[in-house]
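What follows is one structure encoded as C-alpha cells, with my remarks underneath.
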Amino acid sequence: MVKTQIKEKKKDEKVTIPLPGKIKTVLAFLVVLAFAAYGFYIRHLTAGKYFSDPDTFYHFEIYKLVLKEGLPRYYPMADAPFGSLIGEPLGLYILPAIFYKIISIFGYNELEAFLLWPPFVGFLSVIGVYLLGRKVLNEWAGMWGAIILSVLTANFSRTFSGNARGDGPFMMLFTFSAVLMLYYLTEENKNKKIIWGTLFVLLAGISTAAWNGSPFGLMVLLGFASFQTIILFIFGKINELREFIKEYYPAYLGILAISYLLTIPGIGKIGGFVRFAFEVFLGLVFLAIVMLYGGKYLNYSDKKHRFAVVAVIVIAGFAGAYIYVGPKLFTLMGGAYQSTQVYETVQELAKTDWGDVKVYYGVEKPNGIVFFLGLVGAMIVTARYLYKLFKDGRRPHEELFAITFYVMSIYLLWTAARFLFLASYAIALMSGVFAGYVLETVEKMKESIPIKAALGGVIAIMLLLIPLTHGPLLAQSAKSMRTTEIETSGWEDALKWLRENTPEYSTATSWWDYGYWIESSLLGQRRASADGGHARDRDHILALFLARDGNISEVDFESWELNYFLVYLNDWAKFNAISYLGGAITRREYNGDESGRGAVTTLLPLPRYGEKYVNLYAKVIVDVSNSSVKVTVGDRECDPLMVTFTPSGKTIKGTGTCSDGNAFPYVLHLTPTIGVLAYYKVATANFIKLAFGVPASTIPGFSDKLFSNFEPVYESGNVIVYRFTPFGIYKIEENINGTWKQVYNLTPGKHELKLYISAFGRDIENATLYIYAINNEKIIEKIKIAEISHMDYLNEYPIAVNVTLPNATSYRFVLVQKGPIGVLLDAPKVNGEIRSPTNILREGESGEIELKVGVDKDYTADLYLRATFIYLVRKSGKDNEDYDAAFEPQMDVFFITKIGENIQLKEGENTVKVRAELPEGVISSYKDELQRKYGDKLIIRGIRVEPVFIAEKEYLMLEVSASAPHH
C-alpha cells in the first residue's frame, strides 16, 4: 500500500528539467536563431532587379493572380495564342500571398515580399531541422543539424531570393509536420496528444498543396507506418502494434482526406496520387488486420513464422498492385525525371552523379563532406534503433522515422539532380546526429569537467569550421547572383522594347528557356509560344527550325500566330541539345554513350582579335592571311571541310582532317567580327544565319528567303528581335528597257515587276496581293496587283505584275489571305465547365463552347476546331534507346470542323458562344494512320484540339522606300 502511494505520488509529480539542461536548451536555441538569421541574410543577398531562376518569373505571375483573383484557374500568357490552365498547386502561391499580406503592413510591396519569401522559408527550415534533430537524438543534434543546413549549398539552391519553387515550402512544412508527429506519438498527456496530433494532420495535409512533388511526404509517412507495423509484428509486440495503429492510422487517413479536399478547388494538385496512396494504405490496413486477428488461423509462434506471413502478404500485395497499376508502380515521382528527349536535355532532370553531390554537399570546395557526415549519422541512428529494438524492447519511433526519411531522400537524390535540394533536410539532420552523438558521448565520459569541456570545445570548433569557411563563400556566390543574365546580355532592353513597341496581343518566342522572360510583367509582358512549363511539345519544333536548313526547317509558325522571334547568340552553348531535339544529330553525338564517347561540339564561337579568331577555353586559334586559313586545335593543326567568308561569299574547301590523322568534320564560318566553327551536320543551321548573319545554306537562295520572313527590328547585346511574317518578298526585279534588273526601291509611275515570294511553312491560298502607297505613315492608296489561287510553300514561284504607283514616301506589299486571329483571354468553357484550351473537346463530345477572345482590330471571322499533332519519327538507330538514334520532329495541322461563321469580333475583348461537336474517331483515326505509317519509329509528343478563329488577314511582305523617277 505504501509503495502504491509512493508510485502515485511520483506519477502526479511534474518532471522538471535541471537548470543546466534548461540553460543548454536556451543557448542552443539562440545559436540556432542566430544561424537561421545568418542563413536568411545569405539567401537574401541574391535579391536584385530580377529573379535568378527563370521558372520564378512564372511563379511570380501566378502569385499576383492569386492576390488579384483568389483561386485563378487560367494563365493567358503561355502556349500562345491559347493560354494554359494552371497546372501547379495554388497552395504554392497562397503561402507567399499570405506572407505578403502580413508584411505589407510594414510597407513591403508585392515584389519585395516575393523576394523575401524563399529566404524566410530557409529561415524556418533551419529551425525545423533543429526541432527534428533534438527530437530524434538530443539538443546538440538539432543545433548542429540546423547550423549545417543554414550554409548548405544544396539547401541554398532552392531557398535563395529569386528561386520561389514549391519544393522549398513543402520541405519546410513537412519537416515541421514530422516534428509534430513525433511529439504526437510520444506524448502521454491526452490533451497534449490531441493538440500535437491535430497540428500534425493539418500541417502534413497542407504541405501537399505546396508542390506537385509532395507525394514524397505521403510516401515517407506511409513508409514509416509500414515499417513500424511490420517490425512490431515480427518482434511480437502486439500491444504496441495495437497502440500504434490506433494512434497513427487515423492520423494518416486524416492527412489523405485533407490532401484530397485541397485538390477540389485546385489548392493541391496531387489528387491522383492521393487516391493511389489511399489504395496502398488500404493494403497496409489489411495487413494489420491479418497481423492482429490472424493468429487463430496462422502460425505466429515465432519471428520466422511471423516474418513469413508478412513476406507472403507483401509479395502478394506488390503483385496485385503491379497488375492494377502497371510498371508506373516503380516510378515514384517519375514525372520529375521522365525519360523524354526534352527531359534528357534539361540539366536539373538529369541523373545525379557523384560530382553533383560533391558540389552541393561540399564544404569550401567540392568534397561532399556533409554527405559523408550524414552517412555516418544515419549509421548511428540505425545502430541506436537496433539496440533499442533488441535490447530495450522499445518501439523507437524517432529513429525509425529518421531512417525512413533519410533512405527515401537518398533514393530520390540519385534519381535526378533536382532532388539534391530535397535530400538536404535528411542529410543535414543526420549530420547533426553525428555531431550530437559525439558531443553526447563526451558529456557522458567519466572524465573531469575541464577535460570534457576541452574535448567538447575542440569538437565544436571543428564543426564550426563548416559554417565559418563555407558561409562566406556562399555569401560571395550569392552576391554575384544579384545581377542576372537578363541585365548583362541584352535581354532586358530587348524585352522592354518588345513590350513598348508591339501591340498588346502580340506573341513572341525564342528557345523555350526564355519563354517566362517574354511573358513576365517585369519584362516582355507578351504571350510566348513555349516556356519552361508549357507547350513542351513545341520545343521539338523550335529545335527543328533552329538546327536545320532548307525546306525541312520551314515550320508553320503562323498556326501559332507568331509575331516575333528572339534569337540569343549565347545559345551556341545549348546547341548540342537544340540539335538533338531538332533531329540534326544522334543521341551519341549529343551527349556520348555510356562511357561519354562520341559526343561532339556542335557550335563554337571564335571572337576576332586582330587577324586571329580565338577561343581560349577550347584552345582553338584560327590564323587568316590572304587566301589561307590555319586552324590550330590544342597542339594539332586541322583543316576544316570548308571555310566560308561573310560578306564576300568566298569559300575554301578542305579535307576535314587534323595533323594527327583524326577526322575534323567541321565547317568554319568567318565574319568581320566573329568566327563560328560548326559541326558538319549543323553547318547551315538557321540559328547560324539568324544569330551570326552567316547566309550559309545547302539550298540556293534559301537564306535570302529566310530573311524576308524574319526581319531584324531590334538588337541589344547578344539578343536580336526578328519580326516574323509567313509570307515575304525576298527579291524584286523590274523590266528596265527589256532587261530584268533587281531593284531595292521604287519610283512613282508605271512598272513591270517580278516579285519573288517566300512562303514559310504555309501555303498561299486564295490570296490577293496589294501595294499600299504610304505617305508619312498613312495609307493614301491601296492598289490590287495580283490574285494567287495557290502557291505551295515548298515550291514558290515569282509573280509578274504591272502597276502604276502614285507619289508616296514608301510602298508596302501586302498579302490578304485568311489566317488565324485572336488570343484567348480566359479559360474556355464547355457546358459551363472549364476546359484546357488545347484539348477543348473529346472525341464524340458536344456542347456549348464559351470563349473570351481578344483581337487587335475588328474582324468577321469563322470559328474552327483544329487538330495539331506533334510527333517524332526515328530516322536512325535500332530503337528509341539506341545511342545512334536521331528523331525527326513533325507537326501536322488540319482543320476538323467549322463550328461558327460570320462572327463579328470588335477590337479588344469579345465573348463568343457556339454549339460544337468533335466527330467520333477524327483524332484516333489519324493517330492510327501515323502508327501504321511509322510503326515503332513513332513517338507522339502532343495531340491538340484547339479553337481557332479564321478571318481575312493582312500580311506585310515587304516595304520599300520611294526614290526619284528614273532618267
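In case you wondered, yes, glycine gets a Cβ from its N, Cα and C as well.
DSSP classifies Arg165 (Mn(2+) binding site) as coil under the three-state reduction. Per Swiss-Prot, the feature Mn(2+) binding site maps to Asp55, Arg165, Asp167; the stated evidence is similarity to another entry.
In this structure, Arg418 (glycophospholipid binding site) belongs to neither helix nor strand by DSSP; it is coil. Positions annotated as glycophospholipid binding site by Swiss-Prot: Arg418, Tyr516.
Marked as motif 'TIXE motif' by Swiss-Prot on the basis of similarity to another entry: 345-348.
Per Swiss-Prot, site 'Interacts with target acceptor peptide in protein substrate' is recorded for Asp55 (among others), and the stated evidence type is similarity to another entry. In sequence order, Arg165, Tyr516, Gly532, Gly533 make up the list of same-chain residues 6 or more apart from Asp55 (Mn(2+) binding site) whose Cβ falls under 8 Å from its Cβ.
Of all Cβ atoms in the shown protein chains, 25 besides its own fall within 10 Å of the Cβ of Arg158 (site 'Important for catalytic activity'). In the three-state DSSP assignment, the secondary structure recorded for Arg158 (site 'Important for catalytic activity') is helix. The site 'Important for catalytic activity' annotation in Swiss-Prot covers Arg158, and the record cites similarity to another entry as its basis.
Residues or ranges marked as site 'Interacts with target acceptor peptide in protein substrate' by Swiss-Prot on the basis of similarity to another entry: Glu348 (among others).
DSSP gives Lys574 (site 'Interacts with target acceptor peptide in protein substrate') a helix state. Counting only same-chain residues at least 6 apart in sequence, those with a Cβ under 8 Å from the Cβ of Lys574 (site 'Interacts with target acceptor peptide in protein substrate') are Trp511, Asp513. Taken from Swiss-Prot, the feature site 'Interacts with target acceptor peptide in protein substrate' covers Lys574 (among others).
Residues 119-120, 122-124, 126-127, 130, 134, 139-140, 142-143, 146-147, 149-151, 156, 160, 467, 471, 474-475, 478 of the same chain lie 6 or more positions beyond the ends of the transmembrane segment (22-42) yet place their CB under 8 Å from a CB of it. According to Swiss-Prot, the transmembrane segment annotation covers 22-42 (among others).
The transmembrane segment annotation in Swiss-Prot covers 113-133 (among others).
Sequence-distant contacts of the transmembrane segment (136-156), counting only residues of its own chain at least 6 positions beyond either end whose CB sits under 8 Å from a CB of the stretch, comprise 24-25, 28, 31-32, 35-36, 38-39, 42-43, 122, 125-127, 129-130, 182, 359-362, 370, 373, 381, 384, 398-399, 401-402, 420-421, 423-425, 427-433, 435-437, 439-440, 463-464, 466-467, 470-471, 474, 478. Positions annotated as transmembrane segment by Swiss-Prot, on the basis of sequence analysis: 136-156 (among others).
Feature annotation from Swiss-Prot assigns transmembrane segment to 166-186 (among others); the stated evidence is sequence analysis.
The transmembrane segment annotation in Swiss-Prot covers 216-236 (among others) and is backed by sequence analysis. Panel annotation: around the transmembrane segment (216-236), residues 170, 174, 177, 181, 204, 207-208, 244-245, 248-249, 252, 255-256, 259, 273-274, 277, 280-281, 284, 287-288, 291, 300, 303, 306-307, 310, 314, 332-333, 389, 395, 397, 400-401, 404-405, 408, 412, 422 of the same chain, lying at least six beyond its termini, place a Cβ under 8 Å from a Cβ of the stretch.
Same-chain neighbours of the transmembrane segment (248-268): 71, 73, 86, 89-91, 94, 181, 184-185, 197, 200-202, 204-206, 208-209, 214, 218, 221-222, 225, 228, 274-275, 277-278, 281, 285, 288, counting only residues six or more beyond its ends whose CB sits under 8 Å from a CB of the stretch. Annotated transmembrane segment per Swiss-Prot: 248-268 (among others), in sequence order.
Per Swiss-Prot, transmembrane segment is recorded for 270-290 (among others), and the stated evidence type is sequence analysis.
Residues or ranges marked as transmembrane segment by Swiss-Prot on the basis of sequence analysis: 307-327 (among others).
Per Swiss-Prot, the feature transmembrane segment maps to 361-381 (among others).
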Query = Taking the Cβ of Arg418 (glycophospholipid binding site) as the centre, how many other Cβ atoms fall within a 10 Å radius?
reply = 23
Contact between the transmembrane segment (454-474) and the transmembrane segment (361-381) (at least 3 Cβ pairs under 8 Å, separation 6+) = yes
Query = Hey, which bits of the same chain come close to the transmembrane segment (113-133), Cβ under 8 Å, at least six residues off its ends?
reply = 28-29, 32-33, 35-37, 39-41, 43-44, 47, 60, 63, 95-96, 99-100, 103-104, 141-146, 149-150, 155-156, 158-164, 168-169, 171-172, 175-176, 178-179, 182, 425, 428-429, 432-433, 436
Query = Taking the Cβ of Asp167 (Mn(2+) binding site) as reference, which residues of that chain separated by at least 6 in sequence fall under 8 Å from it?
reply = Arg158, Trp211, Gly213, Arg418, Phe421, Leu422
Message = Below 8 angstroms Cβ to Cβ, which residues of this chain, lying six or more residues outside the transmembrane segment (166-186), approach it?
response = 88-89, 92, 95, 118, 121-122, 124-125, 128-129, 131-132, 135-136, 158-159, 192-193, 196-197, 199-200, 203-204, 206-208, 210-214, 216-217, 220-221, 244, 247-248, 251, 397-398, 401, 405, 418, 421-422, 425
Number of other Cβ atoms within 10 Å of the Cβ of Tyr516 (glycophospholipid binding site) across all protein chains = 27
Mapped DSSP class for Asp55 (Mn(2+) binding site), helix or strand or coil = helix
Query = Other than Asp55, Arg165, Asp167, which residues of the chain come within 8 Å of the Mn(2+) site, judged by Cβ distance to the Cβ centroid of those residues?
reply = Asp53, Thr56, His59, Arg158, Asn163, Ala164, Gly166, Gly168, Trp211
Task = Inside 10 Å of the Cβ of Arg165 (Mn(2+) binding site), count up the other Cβ atoms and send me the figure.
result = 22
Request  = Tell me, roughly as an integer, the mean pLDDT over the motif 'TIXE motif' (345-348).
outcome  = 64
